[in-house]
């Protein structure tokens, strides 16, 4: 049995966790081992009690956060904690708050009151003081199907339990090693000791994927290209209306949808359309289409809305300005107050699943993309790297992708050997 299977065998069912949330109990939710690999105590903000808060503080870091929908965060006038969010996971912290009635705000009783108030649909901004001792978080619309984080998991669980979409989360600290965080084996023992259910975000994603659809297939047509004839399948996101397209060769649902050659390609107007030499996006798109046509079976999912690794076209051009002044592609984004990579792959996973794909040979130089897709119910059988043409216009960008973002780019090392002066 693999480590992944062993960990999964120690988990309870999503249905059991939802039932406990509805009953006012806490559960523990663990995320992907390649993400934070941490377990959070989670319960519904609407049903917060001093006892639940005291338990959370006793066994966690004590940094209690309250995930809310973006709509509720706006209604309560909860702006971002900082204009320049540099959190590695893109966690959307807002200003901290306390209920405006109570004592110091730090006690379990006061924090439970603040949490219930955050979940109250009748509450408004005047019911809170700022700063405080509870940290609201803004959850992504679409929940764990869009972002596989504890923030979204808490909101999804509360909603699935028939409660207000507001949760309470805090990371479980290891009792066996108080300097670190608890991992799955210890979390299982912790949950057994305290009669708590333990589930994973991966399970919750799978549960939601089976029960909900966030993309709709709209149209299907033949698409002749310079690389051969494909089928173009158009989709629309139910969340924000973004129009997406899958370029399909052959019968990808045959053989159980196993080991399908797939490229999940992030939109890049400058590289894909204008042939920009600052990036390798156009090269990767064209090579992927060629490989798939050659194989006779595969998919390119073209992810609109991923421009500039998710920051948008104009922001990407502003980042280019900063790169012209010496910043690399990561620092340029951060200097603009934007994440180095804001992309999420839940929508692409749903498109692949709708097409009948169950496991895939991923065409990518980015190992992190594997984690993003696997966390959304798609299994990665293998990964096919794409050779890139390295030249003076893109070498700095490619070096940053290799050195700071973990991309697999052996062609860069070859270029460095041939150009030691650079």
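Please read every residue number as a count from 1 along the shown chain.
The backbone N, Cα and C atoms fix where each Cβ goes, glycine too.
Regional average pLDDT for the region 'DHBP synthase' (1-210) in the model is 91. Taken from Swiss-Prot, the feature region 'DHBP synthase' covers 1-210.
What Swiss-Prot records for 35, 36, 40, 147, 148, 149, 150, 151, 171 is D-ribulose 5-phosphate binding site. Every protein chain considered, the tally of other Cβ atoms within 10 Å of the Cβ of residue 40 (D-ribulose 5-phosphate binding site) stands at 29. Residue 40 (D-ribulose 5-phosphate binding site) falls within a strand segment according to DSSP.
The Mg(2+) 1 binding site annotation in Swiss-Prot covers 36.
Annotated Mg(2+) 2 binding site per Swiss-Prot: 36, 150, in sequence order.
The annotation region 'GTP cyclohydrolase II' is assigned in Swiss-Prot to 211-422.
Annotation source Swiss-Prot lists GTP binding site at 263, 264, 265, 266, 267, 284, 307, 308, 309, 329, 364, 369, citing sequence analysis. Residues near residue 364 (GTP binding site) in space but far in sequence (CB under 8 A, at least 6 apart, same chain), listed by position: 263, 264, 370, 383, 384, 385, 386.
Within 10 Å of the C-beta atom of residue 281 (Zn(2+) binding site) sit 19 other C-beta atoms, taking all shown protein chains into account. Annotation comment: Swiss-Prot describes 268, 279, 281 as Zn(2+) binding site, evidence class sequence analysis.
For residue 343 (active site, nucleophile), the same-chain residues 6+ apart in sequence whose C-beta sits under 8 angstroms from its C-beta are 266, 303, 306, 309, 310, 372. Look at Swiss-Prot and you will find 343 tagged as active site, nucleophile, backed by sequence analysis.
Nearest neighbour of residue 307 (GTP binding site) by Cα distance, taken over the binding-site residues 40, 148, 268, 279: 268. Within 8 Å of the centroid of the Cβ atoms of 268, 279, 281, where the record puts Zn(2+), the same chain has further Cβ atoms from 266, 270, 271, 272, 276, 278, 280, 282, 284. Taking a C-beta cut-off of under 8 Å and a sequence gap of six or more, residue 279 (Zn(2+) binding site) has these contacts in its own chain: 268, 270, 271, 394, 397.
Counting only the Cα atoms, the space from residue 267 (GTP binding site) to residue 148 (D-ribulose 5-phosphate binding site) is about 21 angstrom. Take the binding-site residues 263, 265: by the count of other Cβ atoms within 10 Å of each Cβ, the lowest one is 265.
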